[in-house]
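Residues or ranges marked as region 'Catalytic' by Swiss-Prot on the basis of similarity to another entry: 100-428. According to Swiss-Prot, the active site annotation covers E236, D295, E305, D307. According to Swiss-Prot, the feature region 'Carbohydrate binding' maps to 447-560. The region 'Lectin-like' annotation in Swiss-Prot covers 561-651.
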Amino acid sequence: MSTELTQAKGSTSRYTSRKSCAIEFNTKIDEVQYISVGLDTSTIKVFIDNNTQIPYVGNFINGNVISWVSDPVKCILTTSSGTYTLFSYGLTKNIPNLLDYDSDSATDDSTRFKKAILAGTESLYIPPREIYKDVMIGELDITSTLRLWGDSGSNINTGGSTIKKIASASYGIHFNGTGQTTRPMGGGLFNLQVRGESSTDTGPLIKVTSWSYMRINNCAIQNISDWGIIARDMMESSCEYTLFRRIGSDTTGILLMDDYIGTPNSNVNNFHFSNNTLGYSSGNWIKSSTNSNPDLIWIERNKFEWDGTPTSANITPKAVIDFGQMSRCRITNNGFTHFTTDHNNYEGILRMRSGCAYLTKLIDNDALSCSGYFGSVEGGKLQASGNFYNRGVVASGNMQFNVTSTRPQSIEPVICFTSNGNITSVGDYIDPNFISAHNMFGTSNNMFQTDTMASLYTTMNVPSLVEIRRFQLGKQYLDSNTVLTIQARVKCVDTAGTNGELKLNIDGTTDIGSSTITASTGWQLITFQLKPSQIGAGSLRFINSGTVSILFDGIYIQRSKYIDWNFAFNPGAIAAGASITSALQSYTDTIGVTGLIQSFSQPKFDGNINGLLCSVVSNNINGSFYVTLYNPTASPITPTITRCYIRLFLI
């Protein structure tokens, strides 16, 4: 036995909920959502099989019911006007349905949403196109918390609950909290297809403005020659497990973090874009505008794949991700595939423009069959590590980084290899004992500039008479038994002959000395040697103590295996068969501690000893010594020396 109810179009007062449906038919309906509303014909008929308690809803011409056969999915209904297939609604959540609210147009369902909002609805079910049709909307402003649910999902098929932007509309859906007394929180899109009416349509599909806790989950956003999503003043939000495809143009793309509203803090903040699939699109797939100031952006575990060029192709070269501004961002564990200049004019993966600031992390990302740059850093600070590039079908080239930003960087070269596992590039070798200026700290923000011979793309340009950088020695060097050799890699900016000068200060109190940086000779190493008594608390401060600017690339720090010592020695004439001995060179002067001096080198001098025999005589176990000159001839010899140089080898 079954029951039939016929209702005039647009009249839904008798059965807009599960409860009223049960009252109408005097039967229990627990596991299905009852949905009924006037559609595009004069009536809608709703049937409930009393044996299964499953309601079926259909859109058909009036007629007397003759018979039907039903199952949990569909009902084959025979009437005097024909045979029709009706579908069951299997939604188990008791939430309002879009079709509970009637429309004033056969081609635009926007009114239904507006009525739902006015009714205070916070969750709204969107029926699948197989039962209703594509839900058509245009310039729909949602001004309060509203969650739109469907039974579609993230896939390239076009079935299930589908919201389609009307071609002539300037945008599709706008979650718009502008001017609200209470900022909307929550809401979003779940298990839905959101599409343009055709691939050539313009106008963004989704806009979010002045909203918090927005969620887009398990959706498919497709088919528009404009932005898929534009976000402004959107906070604590996420987009996950969603497909983006056939989106964008030369001037648009998939996701735009647009200009902030009012103040820089009214921006896109704490936004998670993760586990999404992106393909077949144009423009910048993720972009921030030059006045967006986004902060705490998480782009993680996404697949970016060029697998075809959509209707609106790129005209100018593009980066997949392009930041006009960015404060803090983490781009991790993503895959990029087949982005080349031949594939829709893609020149690289990440571009950070001059408006970027603070830190972007680019960690553990893979690029397959791409070309161009892995990162172009024109502004801000990039921390990059663990990134791999597989050349794949690209004939040649290795993806690395281009850096012109004046801020310090922390970039590890990309490891590049071919599909057979052959490594083709690991970037420039950096000595493990070398510490780049990028990784040193200080009180002055001396700007960086590009230099083809800099160790990490850019080097610090330091004006005269200012502190350059600082470095704190590790505790292993503060044991009172360590001798350190510190070398600074520097270059004099002046090319007209004025030398530069570099000073090393320890702990802000002790100057080790100043050394000359010779002008017009390129990069050079300035060496300082620290005895245990000079190391102190280990705070190294490098200062440009000269009158011209210098370039500072970084420092080498090594535990010394020797110490170079020199002292005044002017022996004068030495008689035949006689010898002369220098002043005692005490270990307290040379190194300052006991037990470190093991042996001595042969001395050398600043002049000629003219046949004299030279020897080093150890004075005690601690390493004090003399230098002796002996005349083995039958005539006096006068050496032309004033200074002696000797290397003391350490344990």
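Backbone N, Cα and C define each Cβ position, glycine as well.
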D307 (active site): tally of other CB atoms within 10 A of its CB: 11
Residues satisfying Cβ distance under 8 Å from D295 (active site), sequence separation of at least 6: N267, V268, N269, N270, S327, R328
Largest tally of Cβ atoms lying within 10 Å of a Cβ, found at which of the active-site residues E236, E305: E305
Confidence summary (mean pLDDT) of the region 'Catalytic' (100-428): 94
DSSP three-state assignment (helix, strand or coil) for D307 (active site): coil
Helix, strand and coil totals (DSSP H, G, I; E, B; other) for the region 'Lectin-like' (561-651): 4 helix, 39 strand, 48 coil
Cα separation, E236 (active site) to E305 (active site) (Å, whole number): 27
Rounded inter-Cα distance in Å - E236 (active site), D307 (active site): 32
